[in-house]
Amino acid sequence: MTTDVRILGIDPGLRRTGWGLITARGTKLSYLACGVVTSDGDLPLALRLRELHEGLTRVLTTHAPDEVSVEETFVNKDAQATLKLGHARAVALLVPALAGLPVAEYAANLVKKTVAGNGHAEKVQIQAMVKFLLPKAEFKLADAADALAIAITHASHRGAIALDRRHAVAAGSGPGAARIAAALARLDR
């Protein structure tokens, strides 16, 4: 018997980090919630990262996902912007890891290919396909739609690949070790 798995997708960004929550039961997907966590651009970097940490922690506490998927960082020509994105991505990886949740990572072109059938799809195409796959989804910002696309990608690929166990707390240690072991056991069935 297949059980519902609550999957949180995260689209990291320093200004806006999108999040999207779905349930997957086999190949059936259902929309639960989505939104963005923002940081104040006038604050120093450390305080902006704290805002993202607190916001994502609230999302995890409120929505209790079973698994988390995060978009990988792409390198662009602006090194400073890439570094800032890397900081936000680190928070997006750290928060679920501290909660004892398994985390998977997906490249942007794989997300686009999975959701729209084209690894170079435009944002408008991604949003249209997210709406098609999750008809009840309501998102006002592209960041939330992207996060839902990341969650959809994880739902599509989670049975075919094992989660990257490097993000798991060492067996038997840490407050989330039991929850990670249970989540990984569900994946191995």
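Using N, Cα and C of the backbone, Cβ positions are placed for all residues, glycine too.
Mapped onto three states, the DSSP output places ASP11 (active site) in strand. Residues annotated as active site in Swiss-Prot, with sequence analysis given as evidence: ASP11 (among others).
Non-local neighbourhood of GLU71 (active site): GLY9, ILE10, ASP11, PRO12, ARG89, GLU105, TYR106, ALA107, ALA108, VAL111, ASP146, ILE150, each in the same chain, at least six residues away, with C-beta under 8 Å from its C-beta. Per Swiss-Prot, the feature active site maps to GLU71 (among others).
Taking Cβ-Cβ distances under 8 Å and a sequence gap of 6 or more within the same chain, the neighbours of ASP143 (active site) are ASP11, GLY13, ARG16, THR17, GLY18, VAL36. The active site annotation in Swiss-Prot covers ASP143 (among others).
The Mg(2+) 1 binding site feature in Swiss-Prot is assigned to ASP11, ASP143. Secondary structure from DSSP puts ASP143 (active site) in a helix.
The Mg(2+) 2 binding site annotation in Swiss-Prot covers GLU71.
Of all Cβ atoms in the protein chains displayed, 29 besides its own lie within 10 Å of the Cβ of ASP11 (active site).
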